[in-house]
Amino acid sequence: MPRGFLIALEGIDGAGKTTQAKLLVKWLKSNGVEAVYTSEPTESEIGQIIKRHLRNIRRRYSEEAIALLFTADRLYHIEKVITPALNKGKVVVTDRYVHSSIAYQTVTTGRRKWIEQINSIAPKPDLSILIDLPVNQAIKRIKTRRKHLYEKHRFLTKVRREYLRLVKNGQMTLVDGRGDRLTVNKRIVDRVYEKLINKNIIFRY
Ligand SMILES: Nc1ncnc2c1ncn2[C@@H]1O[C@H](COP(=O)(O)OP(=O)(O)OP(=O)(O)O)[C@@H](O)[C@H]1O
Ligand SMILES: [Mg+2]
């Protein structure tokens, strides 16, 4: 059975995940690699509860309950989208994955060990890229967007710290998110190219 390759793009709100995930899929396809874009939270019922929670000021569920829902939504994502695509040998680019839960829900619940534990059920990504951007710059990029719960400066500073911790302990690869879209795209492509060559998914030309 051919097995594909799972790439997660991560970062604080406004870091450029969606922009870069789409540019990466475009680049992969233009190099003859079958690639798919997908994102979390998903469109499932569980994903919709999560999205509603993030938009609302008044919280209906505890942060622990939301942490469990993020994980449940991820299991749905894995079963319905990620695994089938990987089994077809595709490269899956997911806009947020398990390290989002570890970074954000560690901050919202203060229970790092427990968050790591519940998320250990998800298969590890082959490559998890942190698009790192100073909080001020990220907020500036999304300031026209309606603010939701997770977009506060102090909060995002803590989340960024959690992500950087994951880089330090070797679970994530850091990419500088500053600069224009194509500059950041080139940095990401360099990291991905190196990995895919090693796996013979892409060939030197
Ligand atoms: N390199 C860049 N320079 C300037 N603006 C950018 C850059 N990359 C993305 N943007 C713009 O910044 C905003 C945020 O980018 P994007 O939506 O890709 O971030 P995100 O990480 O997916 O955010 P969220 O976590 O809220 O989904 C968008 O309006 C996007 O067009
Ligand atoms: Mg996005």
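Just so it is clear, glycine is given a Cβ too, placed from its N, Cα and C backbone atoms.
Taken straight from TrEMBL:
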DOMAIN    9-179  domain 'Thymidylate kinase-like'
BINDING   Gly11, Ile12, Asp13, Gly14, Ala15, Gly16, Lys17, Thr18  ATP binding site
Excluding its own, the Cβ atoms lying within 10 Å of the Cβ of Ala15 (ATP binding site) add up to 27
Among binding-site residues Ile12, Asp13, Gly14, close to ligand 1 by Cβ (under 6 Å) are Asp13, Gly14
Of Ala15, Gly16, Lys17, Thr18, the binding-site residues with C-beta less than 6 Å from an atom of ligand 2, in sequence order, are Lys17, Thr18
Same-chain residues at least 6 positions away from Lys17 (ATP binding site) with a Cβ under 8 Å from its Cβ, in sequence order, are Leu9, Glu10, Gly11, Asp95, Arg96, Ile131
Near ATP: residues not in Gly11, Ile12, Asp13, Gly14, Ala15, Gly16, Lys17, Thr18 with Cβ within 8 Å of the site Cβ centroid are Ile131, Leu133, Ala138, Arg141, Gly177
Counting other C-beta atoms within 10 angstroms, the emptiest spot among the binding-site residues Gly11, Gly16, Thr18 is Thr18
